[in-house]
Amino acid sequence: MLKSINHICFSVRNLNDSIHFYRDILLGKLLLTGKKTAYFKLAGLWIALNEEKDIPRNEIHFSYTHIAFTIDDSEFKYWHQRLKDNNVNILEGRVRDIRDRQSIYFTDPDGHKLELHTGTLENRLNYYKEAKPHMTFYK
């Protein structure tokens, strides 16, 4: 039986740039560094970075695949400004219904898509039940 997410590992082209991003911008706690690796605790998750300089990274820009972190509504403006102040690549978000809450989509230095979201799974399901009758819901 699966218990939980164990860790998330990102391949990065420059370990120092990525350490700066995850520690100094996203405020992750740096746990260890090695020649080609760094571990963080971020939002209760173990985030691993492995430096791999010679792999293609072009396809990542065409995918909606991302990791979303929860933030409070009251912190939305703070985080948006923090990302802007640190010249983070903020992506154009999709048009949202207010019931779907707020999100900021952005990328790390290697183009991995991340999201800061103010909603919960329950918010999303309730919104979809109200607004999307074509969807099938299971218990």
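Including glycine, each Cβ sits where the backbone N, Cα and C put it.
Not measured: the values here are computed from a predicted model.
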Handout entry: Candidate sharing the Mg(2+) site with H7, H66 (per Swiss-Prot), from E115, E122, E130
Key = E115
Practice task
For H7 (Mg(2+) binding site), write down the residues of its own chain that are at least 6 apart in sequence and whose Cβ falls under 8 Å from its Cβ; none is a fine answer.
Solution key: L45, W46, I47, A48
